[in-house]
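Written out below as structure tokens is the structure these notes cover.
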Amino acid sequence: MAFYYEEPSRTFNEYLLVPGHTPASCIPTKVSLKTPLVRYRKGEEECPLSLNIPMVSAIMAAVSDDRMAVALATEGGLSFIYGNQSIEDQAAMVSRVKQHKAGFVVSDATLSPDMTLEQVLELKEVTGHSTMPVTDDGKPNGKLLGVVTERDYRLSRMSLDAKVCDFMTPREKLIVAPAETSLKEANDIIWDHKLNSLPLVDDQDHLVYMTFRKDYDSHKDNPLEMLDAEKRYIVGAGINSRDYAERVPALVEAGADVLCIDSSEGFSDWQKMTIEWVREHYGNDVKIGAGNVVDREGFRFLAEAGADFVKVGIGGGSICITRETKGIGRGQATATIEVAKARDEYFEQTGIYVPICSDGGIVYDHHISLALAMGSDFVMLGRYFARFDESPSNKVVVNGTYMKEYWGEGSARARNWGRYDLGGKKSLSFEEGVDSYVPYAGSLKDNIAVTLLKIRSTMCNCGALTIPEFRDKAKLTVVSSTSIVEGGAHDVLLKDKTPYVSTAR
Ligand code: XMP
């Protein structure tokens, strides 16, 4: 006879946190959101790889490319570069993240000496940059000939046909530094010589980077940056259980710090085989997460197979239709709570802590707090990050409102059938996701600052300064459908939904 769960499976929306005592010492600025990313043993001093904030971006083409990875690592989180692309392209994205030097910019507004002032103004308009290096071929890594800033031209006195070579500040008058200069040294030169920017050149005098006074300041504003021992950004990458023997070596070579098997359903021999292959070829040097599962058995299977972390969630994603098409899945809150218990039980029995990640179904910022309180070590988000400038998808106008495109990896648009592989030569090909729009929300930095402040505030309301403390102290309550209504604005007419109003006489 089939097994029946006694309790209904629940979503985040059905829970609230009951506040606990807040000591005076517990204020949001003191809260640490550091959390383990990969497995570690009891007694080990520290987890070998931790996140500084409990957020990672989804392994999706509409979400996680190299630009997103840099933006999120800057804030203390991590992106998993999407795997539904050629091995070369994915490895190139990983490599770009690893080569990105915070505060060092490869010029995207480079001039050639024969360009006109009119073209300079056009480029300034398009890029928003007022400092533009001049190279012999107009390329970002050409031989440096000079720099143009607003101080080099006076529109009222000059013809728009004037040539760049006639009004630029020429190379011999520029202060430059060698390509190996550290950001701190570059900043010292900028200050000592009262500069706004400093070109970095190689020994052939080819431009390598530009550094700007303002970039050093913003770099200092990111104390949570996820950096490796060589001060490069930390980045993850998605893999599948089909071409891992070719993909994993390329990603490792490119510098990926952690991998994750991307699949809608992870309780399978394919995942075990993939992890075993990685262990056989790389031992524990390559970190690899697996998933997704929604119950105790699924977690134990992947933990015993050697997964470094386990992702939780089937069908809860905003663009997912797996539950509708296949009838499999589980409410995200219930799945998270059960798998968290299984992780703690596994830790008790083996002394090995395998972090878990609640993946999908996070709609409001407070859902992140709930997932952490329920025992998730960190969360994976797709829709949340897809809304930002840094996501790779197009920004469009829908009915007069800015939106970003966002599509599921199981949608016909993604055609990521490897994610839904059930073995055999021919894979299934029906859709498990949709193609959609999500409201454009601006920059990642601005949005994440608000989200993190909310999480820290909630933790303080529960008297917790760390995530483990939050988990221990959290008191969760199931809410009735009427108390959900009570929780929003109710029985009032919202002004922003009421366009036609006149003054009563
Ligand atoms: P959110 O809710 O953050 O969810 O947008 C992102 C997560 O959804 C999963 N995902 C899919 N699930 N069909 C599915 O059933 C799909 O097409 C699909 N694409 C992504 C994935 O776990 C992701 O992190």
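Keep in mind that glycine also has a Cβ here, set from the backbone N, Cα and C atoms.
Taken straight from TrEMBL:
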- Asp262, Ser263, Ser264, Gly313, Ile314, Gly315: NAD(+) binding site (BINDING)
- Gly315, Gly317, Cys320: K(+) binding site (BINDING)
- 104-164: domain 'CBS' (DOMAIN)
- 168-226: domain 'CBS' (DOMAIN)
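A sphere of 10 angstroms centred on the C-beta of Gly313 (NAD(+) binding site) encloses 29 other C-beta atoms. Close contacts with ligand 1, defined as a Cβ under 6 Å from any of its atoms, occur at none of the binding-site residues Asp262, Ser263, Ile314.
Nearest in space to Cys320 (K(+) binding site), taking C-alpha to C-alpha distance over the binding-site residues Ser263, Gly313, Ile314, is Ile314. In this structure the residues listed as binding NAD(+) are Asp262, Ser263, Ser264, Gly313, Ile314, Gly315; their two most distant Cα atoms lie 14 Å apart. Note on the binding-site residues Ile314, Cys320: the fewest other CB atoms within 10 A surround the CB of Cys320. Confidence in the domain 'CBS' (104-164), given as mean pLDDT, stands at 92. Considering only the binding-site residues Gly315, Gly317, the Cβ with the fewest other Cβ atoms within 10 Å is that of Gly315. Using Cα positions, the member of the binding-site residues Asp262, Ser263, Ser264 nearest to Gly317 (K(+) binding site) is identified as Ser264. Neighbouring residues of the recorded NAD(+) site, listed in sequence order and excluding Asp262, Ser263, Ser264, Gly313, Ile314, Gly315, comprise Glu265, Gly266, Gly291, Asn292, Lys311, Gly317, Cys320, Thr322, Asp359, Gly360, Arg419 (Cβ within 8 Å of the Cβ centroid). In this view, Asp262 (NAD(+) binding site) is surrounded by 27 other Cβ atoms within 10 Å of its Cβ, with every protein chain counted. Within 10 Å of the C-beta atom of Ser264 (NAD(+) binding site) sit 24 other C-beta atoms, taking all shown protein chains into account. Residue density at Ser263 (NAD(+) binding site): 26 other Cβ atoms are found within 10 A of its Cβ, drawing on all protein chains shown. Take the mean position of the Cβ atoms of Gly315, Gly317, Cys320, the recorded K(+) site; other residues of that chain with a Cβ within 8 Å of it are Ser264, Gly313, Ile314, Gly316, Ser318, Ile319, Ile321, Thr322, Arg323, Gly329, Gly360, Gly361, Gly408, Glu432, Gly433. Taking H, G and I as helix, E and B as strand and the rest as coil, DSSP gives the domain 'CBS' (168-226) the counts 21 helix, 16 strand, 22 coil.
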